[in-house]
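So that you can see what the record holds, here are the features copied from TrEMBL:
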type	residues	note
TRANSMEM	25-47	transmembrane segment
DOMAIN	41-290	domain 'G-protein coupled receptors family 1 profile'
TRANSMEM	59-78	transmembrane segment
TRANSMEM	98-120	transmembrane segment
TRANSMEM	132-154	transmembrane segment
TRANSMEM	197-221	transmembrane segment
TRANSMEM	233-253	transmembrane segment
TRANSMEM	273-292	transmembrane segment
């Protein structure tokens with residue numbers, strides 16, 4: 001059997017996004033602004049939900065968890081990437097790479113299941129509006145939130161143990177700006193086919209289960225809308241579900257393209273672009289999507305900004 005951690009590699013080196021000094025500086029400024037905007041947007045959304053009593057409902061409780069995940073996701077990868085762009089410090093220790101990998105997979109997995117829970121929440125809100133608060137109770141919200149985080153952590157623990165107990169004894173250049181599954185597997189000098197199969201099966205089962213629940217929830221929502229056939233029902237349903245549906249399509253599409261496929265289809269240049277979509281742009285767009293399409297959130301954000309101005 002394979003012995004645990006036969007690695008002779010003590011550190012990995014990220015392949016930079018660009019070797020041109022002028023381009024690196026431009027990318028540094030661009031990604032720094034995106035990162036700061038992502039932090040500001042999600043922090044403001046969290047503060048608004050926590051401090052405004054109008055937003056103390058199950059939907060906004062789950063949205064606060066989503067904002068927290070959107071704070072963690074870029075924070076795991078972007079500081080290291082910004083350092084590499086500015087100071088060309090592209091090295092990361094073996095243990096640092098392991099921790100980054102574990103944290104990122106945990107956040108991504110948790111977000112997938114949280115979006116599924118939010119789809120169920122929207123189903124109850126549209127199809128059973130009179131029973132909404134009794135069905136989606138405070139206790140159930142807490143249980144669902146804890147469950148999504150627990151499944152995300154356990155899934156990440158499995159993936160990380162499968163990847164980082166391999167032997168790394170040769171090249172140490174990661175064709176990515178963070179420690180992701182495909183580029184790290186590509187550096188192993190151990191046979192990886194069996195572990196890739198396990199990773200694909202686990203990701204496929206968990207991911208497809210989440211997708212099925214989400215799709216079924218929206219099928220029931222659609223059937224409910226068609227059965228009522230009342231004036232304004234489409235606009236009301238879209239205002240209730242439109243933001244979540246947009247986020248689901250954006251996040252699921254980019255995540256599936258990155259992870260649910262065998263390593264021989266791995267393309268470094270394409271995967272950097274795709275990973276930036278779900279790792280950088282999605283956390284930036286989520287608070288914008290929810291705030292622009294939600295009057296309650298916009299009012300709460302105005303009150304937060306007003307209080308900040310008064311304090312300053």
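We number each residue from 1, going along the chain as drawn.
The backbone N, Cα and C atoms fix where each Cβ goes, and this holds for glycine too.
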At an 8 Å Cβ cut-off, counting only pairs 6 or more apart in sequence, do the transmembrane segment (98-120) and the transmembrane segment (197-221) clear the bar of 3 or more pairs? yes
Restricting attention to the domain 'G-protein coupled receptors family 1 profile' (41-290), give the mean pLDDT. 84
